[in-house]
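Trainee: A single structure is presented below for examination.
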Amino acid sequence: MERPRHQGMTKNTYMRWRLPLICLLWEVAMIILFGVFVHFGPEADAHWEEEKREMNLTSDIENDFYFRYPSFQDVHVMIFVGFGFLMTFLKRYGFGAVGFNFLLAAFGIQWALLMQGWFHSFQNGKILIGVENLINADFCVGSVCVAFGAILGKTSPVQLLIMTLFQVTLFAVNEYILLNLLHVKDAGGSMTIHTFGAYFGLTVTRFLYRPNLEQSKDKEGSVYHSDLFAMIGTLYLWMYWPSFNSAISEHGDAQHRAAINTYCSLAACVLTTMAFSSMLQKKGKLDMVHIQNATLAGGVAVGTSAEMMLTPYGSLIVGFICGIVSTVGYVYLTPILESKLHIQDTCGIHNLHGMPGLIGGIVGAITAAAATEDVYGKEGFIKAFDFTGSYKTRTPSIQGGFQAAGIVVSLLMAFAGGTLVGAILKLPIWGDPADENCFEDDIYWEVPEDEESDVYHMHNPDKAASP
């Protein structure tokens, strides 16, 4: 006999037709669009041998694959393992955290290859893709994973897929405006990935505000083993963040510099986070929420300026500041956002991605405005900011102004896009869980028998107590 489901469930969360239909329809659409538009780039095409002769290359080692693929591997692990496991801290939402992150990322990278391809690598009616396109698609999906953190445990998989469709589209537009029209530098995505993703997600979760979410408060916390799983995600993200911030930088000194700056900022951020986590607790004990999240803020904040001459000590300062800002945000700001602004931020993305992303954009603007030929050298100065062609007359101060404008554009795109998507997801047709069933795997997943029994008894205490 099938076990009775949770009492009090007032919403239809039945996914048997909704989820398969949208997944299959969208995958068929991807197959058709890829068939029409997508082709291998020159360095992935079988005509590479002719390309080598034309470019006077003697070895396959000059193929961009061998420069970019190690970084791509690291970024790929961050998206699917790092972000996925970071969100497993919820005691009863481990399947949803990893599984839905897997789902939206797998769909998102396909749509991102198309959207970014139409903007950046569309030639003669075809999108030409190579390993750098794969990295950029992962970056785009990283922004979606950030937004997912704000609504974790409160949405259906169908809502997540719809959000991914819109967010990837808006990300590609925002990225094109910043990188191509404003000509800003944002190698590690402080503005395009973190600022946009965080404030997009926060706007969406504001529209999806649940006044009775207190009914699920008992499941919103963590247990010992769920925090350990989340810490696995933290460590993967922390270790690979230098690759993330340097993955698409120019070969040579820029990529080298980006990795060093990120490395230093992350290290400083850990010590500051530990210090303030202890300082802000009455008994001086460390809070695992801070260690899992705030320790990564240094990587976020150094993203825009990573390939600039920020210097190692400058990176340490950025990491130091972000450790403080992020930890203080978790302690004081997150409760205020929920009680005063009705922003229910499950993972605290405002503290890990939002504020550090803004700091990163500001640091990038200041570093660009302060750049001189004495520091960079004449050729290095031109190369670092790509002051060529129509931008050859641009000065550091003007570049700094455009960098600051990039922050504003990202925020406007995030708020406008989040408002649109939040309004769509608010419609009562997507199978989202009832307030009392949020943060619960059992709504959308088959869970092991003993776990399911625990959930049933938790919602039916009278029967649990009966002999």
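Numbers here mean position along the shown chain, with the first residue as 1.
Any Cβ shown, glycine's included, is placed from N, Cα and C.
In case it's useful when we look at the structure, here is the feature table from Swiss-Prot:
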type     : residues : note
TOPO_DOM : 1-20     : topological domain 'Cytoplasmic'
TRANSMEM : 21-41    : transmembrane segment
TOPO_DOM : 42-69    : topological domain 'Extracellular'
CARBOHYD : Asn56    : N-linked glycosylation site
TRANSMEM : 70-90    : transmembrane segment
TOPO_DOM : 91-94    : topological domain 'Cytoplasmic'
TRANSMEM : 95-115   : transmembrane segment
TOPO_DOM : 116-132  : topological domain 'Extracellular'
TRANSMEM : 133-153  : transmembrane segment
TOPO_DOM : 154-159  : topological domain 'Cytoplasmic'
TRANSMEM : 160-180  : transmembrane segment
TOPO_DOM : 181-186  : topological domain 'Extracellular'
TRANSMEM : 187-209  : transmembrane segment
TOPO_DOM : 210-227  : topological domain 'Cytoplasmic'
TRANSMEM : 228-248  : transmembrane segment
TOPO_DOM : 249-259  : topological domain 'Extracellular'
TRANSMEM : 260-280  : transmembrane segment
TOPO_DOM : 281-293  : topological domain 'Cytoplasmic'
TRANSMEM : 294-314  : transmembrane segment
TRANSMEM : 316-336  : transmembrane segment
TOPO_DOM : 337-351  : topological domain 'Cytoplasmic'
TRANSMEM : 352-372  : transmembrane segment
TOPO_DOM : 373-404  : topological domain 'Extracellular'
TRANSMEM : 405-425  : transmembrane segment
TOPO_DOM : 426-467  : topological domain 'Cytoplasmic'
Trainee: At least three Cβ pairs under 8 Å linking the transmembrane segment (260-280) and the transmembrane segment (352-372), pairs spaced 6 or more in sequence?
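Mentor: Result for the transmembrane segment (260-280) with the transmembrane segment (352-372) is no.
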Trainee: Using Cβ distances below 8 Å and needing 3 or more such pairs, separated by at least 6 in sequence, tell me whether the transmembrane segment (352-372) contacts the transmembrane segment (95-115).
Mentor: no
Trainee: Using DSSP, break the topological domain 'Cytoplasmic' (154-159) down into helix, strand and coil residues and give each count.
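Mentor: Looking at the topological domain 'Cytoplasmic' (154-159) with DSSP, the answer is 3 helix, 0 strand, 3 coil.
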Trainee: Do we see three or more Cβ pairs under 8 Å linking the transmembrane segment (70-90) and the transmembrane segment (294-314), pairs being at least 6 apart in sequence?
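Mentor: Contact absent: fewer than 3 Cβ pairs fall under 8 Å.
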Trainee: What parts of the chain pack near the topological domain 'Extracellular' (249-259), using Cβ distances under 8 Å and only residues at least 6 beyond its ends?
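Mentor: That would be 67, 187-188, 242-243, 306-309, 380, 383-384.
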Trainee: If you draw a 10 Å sphere on the Cβ of the residue listed as 'N-linked glycosylation site', how many other Cβ atoms land inside?
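Mentor: Taking all protein chains shown, the residue listed as 'N-linked glycosylation site' has 6 Cβ neighbours within 10 Å.
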Trainee: Rank 187-209, 316-336, 405-425 by Cβ pairs under 8 Å to the transmembrane segment (160-180) and hand me the top one.
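Mentor: Most contacts with the transmembrane segment (160-180): 405-425.
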Trainee: Please report, as numbers and ranges, the same-chain residues at least 6 past the borders of the topological domain 'Extracellular' (116-132) whose CB is under 8 Å from any CB of it.
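Mentor: 37-44, 64-65, 68-69, 72, 140, 172-173, 175-176, 180, 248.
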Trainee: For the transmembrane segment (187-209) and the transmembrane segment (21-41), check the count of CB pairs under 8 Å (sequence separation 6 or more) and say whether it reaches 3 or more.
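Mentor: In this chain the transmembrane segment (187-209) does not contact the transmembrane segment (21-41) - fewer than 3 Cβ pairs sit under 8 Å.
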